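Engineer: Below you'll find the structure I mean.
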């Protein structure tokens, strides 16, 4: 086992705080509408230019192991806030730095670290309750657009496109972000349920222009096994032909005689049919077929539940207003399922999302919710260079997370104002002893830090602006973008409550751990062994000419 380097007490905390300051100073430069850019070197290719706090934090590794431990712990604050709320990483870092710096000073002055931590925790608890009281629900598209704009560093086009996407696919809908091919941002919306399986034969195509098979008001047969014998399908085909409607067959596989018969019937115009493979594999396939059944008001024909294909009737089939089948995708639009049943199914899947620990499973379950709840929107980010594209895509993803958080827990006035307003609730607290009260005071000063940093980045004097904001009430604050004072909600400067809350709670959590740290252990630096001296010539061979 390698030897360890151990530091205690003040020496350990000083080094740790030094690391915190290095990371926080780099990250906080990006805060606010007038935040600066940070350039990140890449091991290959052009450097990345970003105003995203978590991207900056992730790049930082320090040479001194003890300083690096401090930096890594604050990096954890940024990452955790990003995971919880999708934004607020820079705010969380600024709060953590303020709490740790003041806390370390208090410990150096001889105060009890545990009492300081208790005081900070008490203050944060009161501040979170006050934030929830200040919070207003997000209902209209305008508020959603404003939240997106602020999170995307005041880029209105990003805020508007996110609001439009949410309007089209609903609050539960899946919105994904991709790199586009043009200069402008584009929104592509797929309504209804789409899955990545196309027609099994090109003879099913009935729309030559789009090279797709379009079915209006079709019946939908869902089966979880292979269909190779046409006799099994006859009762269903006869029923559909009598009704004079087209038919979509979704099964594990349609092959051989069954597929040939369907193609012949379609070409002759006897019955319009399209066959596609069921999406997914194994249990996921069964679950997706069940989702389709709920969406279309049909039943999955499965021997597991005692339903045989040859016994199926037209009553077991689902319905939809329209189905479009291309070479690669099938889209079911406006299924005839009962809305209460669909909602119950969505609730069931959401419970599974909460229970799963796998990110992959969670993503797939969220996709299923979206397909049942309304559709999928794809935001295609446009830019003129690859560097700009990467930076813009990161901002769009941040803004999207922030708007989701706003829909979830509501919004508070932005620009650091919400934390300043929460000071009132914290200011009335007193601790069980003097050290705890000092912990509360540390939290009070730290909660001013985000506003101070936004103002400093805008080139103004933080204390002057802060005092003026404190004199106001409610949404009154400072718009750093144009230097005006006024109602932050009217200015459109809003922060999701979840983002501000997560930033404060995560910062306090790490600060509490660091203040109460008394020893640090790291691998001792290895001393390089001197290289062996170069060997001379062989003895007894003098005089030989080499």
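Any Cβ shown, glycine's included, is placed from N, Cα and C.
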Engineer: If you look at how Swiss-Prot annotates this chain, which of 505-525, 526-546 comes out as region 'Disordered'?
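Structural biologist: Residues 526-546 are the ones Swiss-Prot records as region 'Disordered'.
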Engineer: Which chain-mates of residue 495 (ATP binding site) that are at least 6 residues away have a CB under 8 A from its CB, listed by sequence?
Structural biologist: 88, 147, 150, 402, 411, 412, 413, 414, 415, 418
Engineer: Validating a neighbour-count step here. Other CB atoms within 10 A of the CB of residue 30 (ATP binding site): how many?
Structural biologist: 23
Engineer: Please state whether DSSP places residue 90 (ATP binding site) in a helix, a strand or coil.
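Structural biologist: DSSP call for residue 90 (ATP binding site): helix.
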Engineer: For residue 90 (ATP binding site), which residues of its chain lie six or more apart in sequence with Cβ-Cβ distance below 8 Å?
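Structural biologist: Correct list: 27, 28, 30, 31, 35, 53, 78.
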Engineer: Select one residue from 32, 88, 415: among these binding-site residues, choose the one with the most other Cβ atoms within 10 Å of its Cβ.
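Structural biologist: Checking each of 32, 88, 415, the winner is 88.
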Engineer: Cβ neighbours within 10 Å, counted over all protein chains: which one of the binding-site residues 51, 480 has the most?
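Structural biologist: Sorting the candidates by Cβ neighbours within 10 Å, the top entry is 480.
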Engineer: Please state whether DSSP places residue 32 (ATP binding site) in a helix, a strand or coil.
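Structural biologist: For residue 32 (ATP binding site) - judged by DSSP and reduced to three states - the answer is coil.
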